[in-house]
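> Dumping the structure here so I can ask a few things about it.
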Amino acid sequence: MPADHIPALALAGPTASGKTAAAFAIADALAPRLPVEIISVDSALVYRGMDIGTAKPTPAEQARVPHHLIDIRDPLQAYSAAEFVQDATRLIGEIRARGALPLLVGGTMLYFKALFDGIDDMPPADAAVRARLEAQAAAIGWSGMHAELARVDPPTAARLAPGDSQRIQRALEVWHVSGRPLSSFHTTKTVAASDRPMSAASLFSLEPHDRAWLHGRIAERFHAMLAAGFLDEVLRLRARGDLHAELPSMRCVGYRQAWESLDGLYPMSSLPERGIAATRQLAKRQITWLRSMPQRHSIACDAPDATAQLVQAVRARVWGGSA
């Protein structure tokens, strides 16, 4: 049975840090006494048909240890941090009721932040408003949309780059739906600390001491994805006819760069370089977020015994001296 003092554990890290393999190592180490079920904390893995570019666990891997929040949305749909918190909270309760330990694994730091800190009481996504904003962006560009955001919500515009289309769109959507700037929602949370499903004290992280090590793995993985048919995967998604470049699913790292190349905005020969560069930038943001969480238990993922260190730390957290 899971320890009462630990409702769940979390494993975070930048892309290509080895989270999937580490999660299986944790599950194997605890299995003799405590079964584990994995809750994905990844905004790309929620989408069906996006397998290669997301490094989605294979069906065999998902059968080996139960996985949740994978393949739960069509790429045409959105999936918000608020929906994630609702789903993850429900799953944590259900998994514990089965006598297992929930292990939340991923790199979408916005989801972890919402889970640990509570979520701002913002309005839900509005498809009609988003469609109008996308049409406006097609006419004036995202730099023009950024200027519009600066008019209605200067603090949010100041922290967003003019090319950050996804966040600019969301900020303008909040303004149009609620009549309030996004920045005004950042002072209150809807969930009290005592009611949150878990805290950052149960967060383990994989972080490289040598950034070059991670950069090498990112490059190796992107080239492997291309060799595995990633571009064909994007072509199949485009062939549906109902997807476009501004959807959250198609803004995922790798997919966005592939879509741009297929649109002729960049030479196809530049796709590996641009995809790797975008993935490195994502990893940099992920590491920055992790380092802002002083309660985390950090493991150097580039250490030769990283997996052994992680398993030992997890066992100590779960069972203390009885590990």
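Cβ atoms here come from the backbone N, Cα and C positions, even for glycine.
What Swiss-Prot shows for this protein is this:
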BINDING   Gly13, Pro14, Thr15, Ala16, Ser17, Gly18, Lys19, Thr20  ATP binding site
BINDING   Thr15, Ala16, Ser17, Gly18, Lys19, Thr20  substrate binding site
REGION    42-45  region 'Interaction with substrate tRNA'
REGION    166-170  region 'Interaction with substrate tRNA'
REGION    251-256  region 'Interaction with substrate tRNA'
REGION    284-291  region 'Interaction with substrate tRNA'
SITE      Thr108  site 'Interaction with substrate tRNA'
SITE      Arg130  site 'Interaction with substrate tRNA'
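Tell me about the surroundings of these features in the structure.
With a 10 A radius on its CB, Pro14 (ATP binding site) counts 29 other CB atoms from all the protein chains. Under the DSSP three-state reduction, Pro14 (ATP binding site) is assigned to coil, being neither helix nor strand.
With a cut-off of 8 Å between CB atoms and residues at least 6 apart in sequence, the same chain places Leu206, Cys301, Ala306, Thr307 near Gly18 (ATP binding site), listed in sequence order.
A mean pLDDT of 98 is what the model gives for the region 'Interaction with substrate tRNA' (42-45).
Counting residues of the region 'Interaction with substrate tRNA' (166-170) by DSSP class, helix then strand then coil, yields 5 helix, 0 strand, 0 coil.
The helix, strand and coil residue counts that DSSP assigns across the region 'Interaction with substrate tRNA' (251-256) are 3 helix, 0 strand, 3 coil.
In sequence order, Val41, Asp42, Ser43, Ala44, Phe84 are the residues of the chain that are 6 or more apart from Thr108 (site 'Interaction with substrate tRNA') and have a CB within less than 8 Å of its CB. In the three-state DSSP reading, Thr108 (site 'Interaction with substrate tRNA') counts as coil.
Classification of Arg130 (site 'Interaction with substrate tRNA') by DSSP places it within a helix.
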> Going by DSSP, give the three-state secondary structure for Thr20 (ATP binding site).
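Assignment for Thr20 (ATP binding site) reads helix.
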> Suppose the substrate site is Thr15, Ala16, Ser17, Gly18, Lys19, Thr20. Which further residues of the same chain have a Cβ inside 8 angstroms of that site's Cβ centroid?
Gly13, Pro14, Ala21, Ala22, Ala55, Gly107, Leu206, Arg217, Cys301
> Hey, what's the Cβ neighbour count for Lys19 (ATP binding site) at 10 Å?
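I count 23 other Cβ atoms within 10 Å of it.
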> How many other Cβ atoms sit within 10 Å of the Cβ of Thr20 (ATP binding site)?
18
> Identify all same-chain residues not among Gly13, Pro14, Thr15, Ala16, Ser17, Gly18, Lys19, Thr20 whose C-beta atom falls within 8 angstroms of the centroid of the ATP site's C-beta atoms; report them in sequence order.
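Near the ATP site, beyond Gly13, Pro14, Thr15, Ala16, Ser17, Gly18, Lys19, Thr20, sit Gly107, Leu206, Cys301.
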> Distance check, please: Cα of Arg130 (site 'Interaction with substrate tRNA') against Cα of Ser17 (ATP binding site), rounded to an integer number of angstrom.
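It is 34 Å, counting Cα to Cα.
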